[in-house]
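Okay, structure first, notes after.
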Amino acid sequence: MEIEIATIGGYEEVGRQMTAVRAGNDVVIFDMGLNLSQVLIHDNVETERMHSLDLIDMGAIPDDRIMSDLEGDVQAIVPTHGHLDHIGAISKLAHRYDAPIVATPFTIELVKQQIEGEQKFGVENDLVKMDAGETMSIGDSGTVDLEFVNVTHSIIDAINPVLHTPEGAVVYGLDKRMDHSPVLGDPIDMERFREIGREGEGVLCYIEDCTNANKKGRTPSESVAREHLKDVLYSMEDYDGGIVATTFSSHISRVTSLVEFAKDIGRQPVLLGRSMEKYSGTAERLDFVDFPDDLGMFGHRKSVDRTFKRIMNEGKENYLPVVTGHQGEPRAMLTRMARGETPYELDDGDKVVFSARVIPEPTNEGQRYQAEKLLGMQGARVYDDIHVSGHLNQEGHYEMLDALQPQNIIPAHQDLKGLSGYVNLCESEGYQMGRDIHVSRNGNLIQLVD
Ligand SMILES: [Zn+2]
């Protein structure tokens, strides 16, 4: 059976991930993401109203025109998890394919919300839920199957999809870290990866998340970030002024820890900001978390301002707002607070906890610098970097190679410089550039089996 891989997006950058795998006449697309930094550069663009071709020209979504060079029919579009760099282009591109979108329940719900917010295209692809550990048949050959293997990442319900073909398995490894003691959900299913590496024809190809390919050692578990956060918040127990925290809205485990420790130090947590309300509300509705009944979540400007007024009236020392704005995004809640645009007044000595790391990218770095400066001018004390990454470092990559023993490797989710550490690692394990390590670019086709 012919096996061909199209590296469509996310092979020259971190963002706008999209890869297609053709097995005979059947094609499966993995991820359809947005490059957020390209959107941030064009501040004030409303992507909801924009046409696909304009977004492609901006570098914001994958240029999928190469799909016309790929023979066969698209049978499924498979987003691996709910981060925007993996699902953010579905509302712009999925309608061009007559195929269902297949994902885990939390991811499907986020895709659904995104499609509902789309104003340019009517996206009518079927939405099919499949849980980690499950398998479905692809196409009519009866020999191609799609399996979801449970992985751990900085968002819940993440999986690595595996396309089983008569020529071996194609494992799509975006995005994950190896967490054996996660705060929510099950540990990564390394046992299954090891089985896949050894059963049948083994692994024909492994496409790897190289976000942290140049970082040594092992990425710590989410439980380490949780302990760090606990230490920081417990140290503030006697402080009788304002404490504000921020983190990735989609990072439900982290939000859960913040809510819990706020209660522990005698403060009422409250989630503020549009995306805070969106992700945590969705996770609660789908029973992924069990927040306290009295946890308020507010997204709309008016209800947020009303909450801030209540906090100021009843005393800042009684509350712990968890807000958007960990990257200093100009319109996010924390940045508005720093600019004095909300009823919440920061005083000398008030604490601002960033349970996040600045995404190392100039737009973010600049915006974050500004936000921190503004907070400092109000007298706030900043507690930075209380975070662990959601991506594998080098020792995790080594373990994956050992588990899967792939015949071919395609590094992804980075630019050339960013994935160099992964290529070095593979070479030290006996792989060779151009032979079985295929460093690609956006818009290439790689024929693995003729
Ligand atoms: Zn991700």
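Keep in mind that glycine also has a Cβ here, set from the backbone N, Cα and C atoms.
TrEMBL annotates His81, His83, His153 as Zn(2+) 1-binding residues; of Asp63, Asp64, Asp131, Asp175, the candidate listed for that same site is Asp175. Per TrEMBL, the candidate among His397, His413 that belongs to the Zn(2+) 2 site alongside Asp85, His86, Asp175 is His413. A coil conformation is recorded for Val388 (substrate binding site) in the three-state DSSP classification, outside any helix or strand. His413 (Zn(2+) 2 binding site) has its Cα within 10 Å of the Cα of these binding-site residues: Asp175, taken from His81, His153, Asp175.
Counting in whole angstrom, His391 (substrate binding site) lies 14 from His86 (Zn(2+) 2 binding site) by their C-alpha atoms. Mean model confidence for the domain 'Metallo-beta-lactamase' (15-228) is a pLDDT of 95. You'll find the Cα of Val388 (substrate binding site) roughly 19 Å from the Cα of Asp85 (Zn(2+) 2 binding site). Excluding the listed site residues Asp85, His86, Asp175, His413, the same chain places Gly10, Val14, Gly15, Gln17, Asp31, Gly33, Thr80, His81, His83, Leu174, Asp209, Thr211 with Cβ atoms within 8 Å of the centre of the Zn(2+) 2 site Cβ atoms.
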